[in-house]
Every structure is written in structure tokens, then in C-alpha cells.
2 protein chains.
Amino acid sequence: MYKELNPPSRILMGPGPSDVHPRVLKAMAMPLVGHLDPSFLQIMNETMELIRMVFETKNELTLSMSGTGSAGMETVFVNILEPGDKVIIGVNGLFGERMTDVAERCGAEVIRVEAPWGEIIQPEQIKAALEKHAGVKAVAVVHAETSTGALQPLFEISRLVHEHDALFIVDAVTSLGGIKVGIDENEVDACYSGTQKCLSAPPGLSPVTFSKRAQEALAKRTSKVQSWYLDLSMLQNYWGQERFYHHTAPISMNYALREALRLVAEEGLEQTWERHWKFGKALQAGLEAMGLSLHVAEEYRLPQLTSVRIPEGIDEAAVRKQLLEQFGIEIGGGLGALKGKVWRIGLMGYSCQPRNVLLFLSALAQVLEQHGYKTSSNESCAAMLETIYG
Amino acid sequence: MYKELNPPSRILMGPGPSDVHPRVLKAMAMPLVGHLDPSFLQIMNETMELIRMVFETKNELTLSMSGTGSAGMETVFVNILEPGDKVIIGVNGLFGERMTDVAERCGAEVIRVEAPWGEIIQPEQIKAALEKHAGVKAVAVVHAETSTGALQPLFEISRLVHEHDALFIVDAVTSLGGIKVGIDENEVDACYSGTQKCLSAPPGLSPVTFSKRAQEALAKRTSKVQSWYLDLSMLQNYWGQERFYHHTAPISMNYALREALRLVAEEGLEQTWERHWKFGKALQAGLEAMGLSLHVAEEYRLPQLTSVRIPEGIDEAAVRKQLLEQFGIEIGGGLGALKGKVWRIGLMGYSCQPRNVLLFLSALAQVLEQHGYKTSSNESCAAMLETIYG
């Protein structure tokens, strides 16, 4: 009645999940040990070290939450905020919007600082909000907006936030492992990510990290964290020396995350960023050579996630369906303010390979021609190769 | 620096996780599709049907949460309870205790009904609490207390709860797939479980189900659910016909759950219960033949998780360490009120095989003898085989 699992072969070039590295798939298939087994405690220790490596931090409170990136987002807000706290949130896409919803559910007073989808939040906007509202506890921005492809610079905002004695929260779901996040360098106080974007692991865990300053704020809470599952005061005893039982860690997913991070360490963190940069820019050159226009200004354009505007008169869903059915290529559609207006093309983690870029550009050109859009896959692929090989 | 993953070979006979079936491990290693891929939507639909099968329910709102059993627990409480609501919770072990903590974090007024660890909550206790406190919204009990090995009968309590127009909440983390849960038959309104106990999958997801009555209560809420990640009003649109994007489902873990449930369907649900019953009782006969005493009265003794009292003068941690190091067998120690007093031996899912019972009894007898406890592994194994084969 229920057949053997037989998923179709895909190349995942949407906004995530991205393709999982074969070595990570192999790690997922390893037999389990118990979550309090001495060998698993060693795995947890090594994973914490590797998460620190990729976040570029010395933060002690660095671990992986047993849920997806959205659980990581909720972890940061439920632990940092108490009812009545003021928080400034940069909203320039779906994930900024989601942060406001999560923060409001914590009983916080949310101050929105907005920019159009695809643009970035300007430091002056944050400065003005901090000056207008006294006693703000935290300021949050999205480093790589998955809904738009915009890259938010962090340092200048971080400086302003700390001048006002607030905590700096960053969403690094789509940035971690793809571009420099630099937790310590950018003085980020609380950050969360996901496994299924630039880290080449399946979705299911959320690496998080908290600065000393954030830890001090957690210690000063006067109310219990509203989520038992995400309460860091208990989780740090589980991941720390005490190994105090909290929940049963997802063993196989932790195997996967460790292997994914080991791959980043082997390639080298900077080399990983360079790969995302080079092939992302090559994709963008190829798209522009096809006559398509990119939604985000070049200055703030992410390499690992590109929003491309849909040419007039093209049925965007039909194009995506054809790419999926004829070539097994998944790309994403637009969300929210960009629904029906852009495609989102990811080149993250193991998906970020030149052969995928070449295949995608060729396939897109063919499909677009069939939909009546005149273009040249030849020129597009040449522009792409020129970017890579000069 | 970080070596290839090389976990030691274990037989997991503790309170969970249990051994994962090889077919489930294989499913975990399958390449991923996107979480909105048509083929994954089919996987989600089939998984919902299979979860209904194992819960024995027709409940429409039946899905798997993207977190472990504790996230399932939190899902039930944050969705059902609003600040000020009264909830009666049966506390006869660690997981009853945890429910009170989770419910209090929802701002609920918790009415505790207690029994010693290892005993069950009597229907008269629930009746008295319902009569004493007007307007109780829900009553919660733990079906299979993982911290004690006690089996809580459900039907009589369910009847009382509904006479008082309250909702009946059941923790089925350790019972689902091991013994009959019977959601519809027992008129349970909200129930959560885990993948890593009797279902032979890794930890990481939590199957949940909600009755029509519970759904009506959710629809009548006047406040937002405090957890965005666990908010069923959004999750049912993600799992339902709308397929409205919420979070990125853990693809590989969902592959694993589907395969694990497919194994239950192939064996037959009743046959699965019978296997747990037969080999669990065989283990218990073997332990008693060794002169050991079982902590839970026979009437309420779970087959899939057995608490056995530690003989006087035995260093319980040293025995567990020896079993792990010499034979690769993991069993659990006691928690809370039973810390240092019992061992917890699980026979769940794929771990529930006669060869594991025989090996464990032989190993335990040898180790206990080395610790100065006189016993006979011969008699113990004979008693076990007698129980199975008559």
C-alpha cells in the first residue's frame, strides 16, 4: 500500500534546503548510540567547537538547537526578551517580518524599522529608532534575507546598538558558511542559523551562539523563559560539563551537522566563502547576459541567493514547473511583497558547483525561449565562464 | 583534526533512543527533495495517514512536529492552554513533573494530582480534583511513564474528564507503537509521541494528534499561541491542502518516520504490540528468576520499559558501565525519586528482539556475579525462554 521511498532526483537551487553532501548522507545512516553515551558527548563537544569555527567566535554558549532555523529564531527571542521589553527589528523581507511576530508573542514591545523588500536597513534608521525610544533591550536584523537576496552589513549597526547598551541579534540562517558572519568581529550578541542552507546538511537543527553580554542578560531575567523546549538555562547544562538530561538530542541530525561542519573545516572557511562568491557572481553574470535584471542592487547582492525579476508576460510558475519536471532543477518563487515578481535561485553549500550553474543557465534559457522570451544561452554561459575563469 | 564519524556499536536497551531499523537508516541516507516538492507533499500525506493508523484515530489534525517528544509536549500545552486556564496534571514521574513546568510557562493554573513514582494516578483522584476545581480546561496524564515503567489506564479517566467538559491530554511518547494507545476508543483529545522509542526511528520528530473537540477549543482561543514554531493554526495550513509555507520541514527525518511507520503497518499494529508484550514479559520473568525485584506492580507494568530495583550494596553505575564497555549494551539509570534505586531496561521497537533479551540477561548475570551478587544466568534464561515458547 505504501511503496518504498523513492524520491525523484533533484538539484536543489531554491532558497533551501540545498543539496546534501554525500558524506553527510552517509553520516545520517550510521547506527545510533544513546544521547548520554560517552561517545556522543564527544560528538557534542566536537560539534560545539566546529560551530564556533564557522561562526568565528569564542562564545562559550554555542550549541545546536533541536529544531529548524525558525526554532533558532524563537530560541533567541524567548531567551533574550521578557514581557514589556523593547526591541527594534529591521523589516526588509519575510524573515524580519517573522521576527516581529515571534517577539510580539514574547510580550515584547516591537519597534519596526522598515525598508522595501530587496533593500537593506540603513544604520541611520537604527540610530534614529534608538534615539527615539529609551531603554531598548535588543536590536535585530537579518544578515542574508532569504526572501529577497539582500546582504545586510552588520558592523555599523552593531556599533550603534552597543553605544545604546542594547544587545545585537542577527539572523544568519542563509549566511552561515556562505559568506563571512564574523560573530566576534561584528560583536553580535545572539545569532541563529540553519543546517540546510550553506552547510549542506538536511534541515532539522539550528546552530546558535550567545556572547558573554547576552549570557549576562539571560542570568538577569526575572521570569522563566516561556518555552521549556528552548530554555537555554537548561540547555547549557545539557551541552555543558554537567550533561544534565534535558531532551533527547536528535542523534542522527547531530551526526550530520558534525560531518557538514567537518567538510567546511577541510575546505577552509575562507575558501568556502570564495566558492560561494565566485560561482554566485558567475550565475548573476549569466543571468544578466540573458537580459534578465536582478532585484537587489549589486552592492548588497548576496552571492548564494539571487532574486531575478520575472520578464513581463512570463508565467513564472510554469517556468519553475518545467525546470523541475524536465531537468529536476528546483528554484524558488517569490514570497510576500515579491510574490509573482521574482525567482529565487540558491547556490548554497554542496549545490554551489559550476556544473549546476551551467546546467541551470542552459535550462532556463531553453525554457524561456519556449515561453517566447528571446535570449541566448550561449552568451549567458560564456558570461558565466568568463566570470569564473577570466 | 576531527576524525571520520565512527560510533561504537551499541544495543540500545535503555529508556530511548532504541535501535533504529536498518531500513529506516537507509531512508535517512536518501538524497533530499525540497520541502515544497510535489513528491514531498505526497510523503507528508502518506505520513499523516500512517500516524493516524498507529494512533488509531480518524483525527484530521494529525501530523509530526519538527522537534523531539518534548517539543510535542510543549505543542499540546501552548496550543490548548491560555493564561489563567486551569489544568489538572497527573504527576507520578519525571514526565508528569515536566508537564507541570511546561503548563506553568503557559500562564496556566496547574492543579497537581500525585502518586508515588512507579504507581498510577487513580481515577478517583482525578474525579476529586475535577469536583473541587470548577472550570478545568484540560486534564493530562502520562500513558507510559518513561521514568518509572508504569502503565496508566486511560479510559476511566477520559470518561470523567468529558463528564466535566474538559479536554483529555495524553503523553504517549513511550507507548505509541509498543502498546495500544487507542486515541479514538479512549476519546483522547490531544496526544504527542516521539520517534525514538517503539517506532525504531531516530529522535527528532514528534507525532501529534488532536480531536475535533480540541480543534474547536483551538479555534476559540482569544490570544495568539505563545510559540510561533509550534503554533498549530499555522502548521495545519502547512500540512493541509493549502501547503502554506511555515518552516522548512526536516526532510530526512520525515523520510525516516514514514519508513518506520511503514514497518509497523507491514508487521501489523496488533502484532507489534504482541511482540513488545511477549518479549517484555520474558525479560521480566528472566529478571525475577535472577532474584531481582521489579519496581512497578505487575498490574501496571509496561512491557517495553522495565524498572528493576538495584540489589543492596551494588554500585549501579559501575554495572551499567561494564555492560556498555564489555558488551555494548546500554541500559538506563534511575531519575528523580528513583535515582540510584533502579535500572531502566527498554525493549522498544527494533531493540525488542529475543536475542537481545537473552544476551542482556546473560550479561547482567555475569556482571552481577562479579559484583558479589549470587545468581544464575541459566535459570534466568530458562525462565525467559519458557515465557516465550511455553
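Quick reminder: no glycine exception, Cβ is built from N, Cα and C everywhere.
The shown structure was predicted, so the numbers you read here are calculated from the model rather than taken from an experiment.
Annotation comment: TrEMBL describes B:33-336 as domain 'Aminotransferase class V'.
Marked as N6-(pyridoxal phosphate)lysine by TrEMBL: B:Lys197. Around the Cβ of B:Lys197 (N6-(pyridoxal phosphate)lysine), 30 further Cβ atoms fall within 10 Å across all displayed protein chains.
Marked as substrate binding site by TrEMBL: B:Arg344. Cβ neighbours within 10 Å of B:Arg344 (substrate binding site), excluding its own Cβ and spanning all shown chains: 23.
Put simply, B:Arg344 (substrate binding site) is 13 Å from B:Lys197 (N6-(pyridoxal phosphate)lysine) when counted between their Cα atoms. Summarising model confidence by region, the domain 'Aminotransferase class V' (B:33-336) averages a pLDDT of 97.
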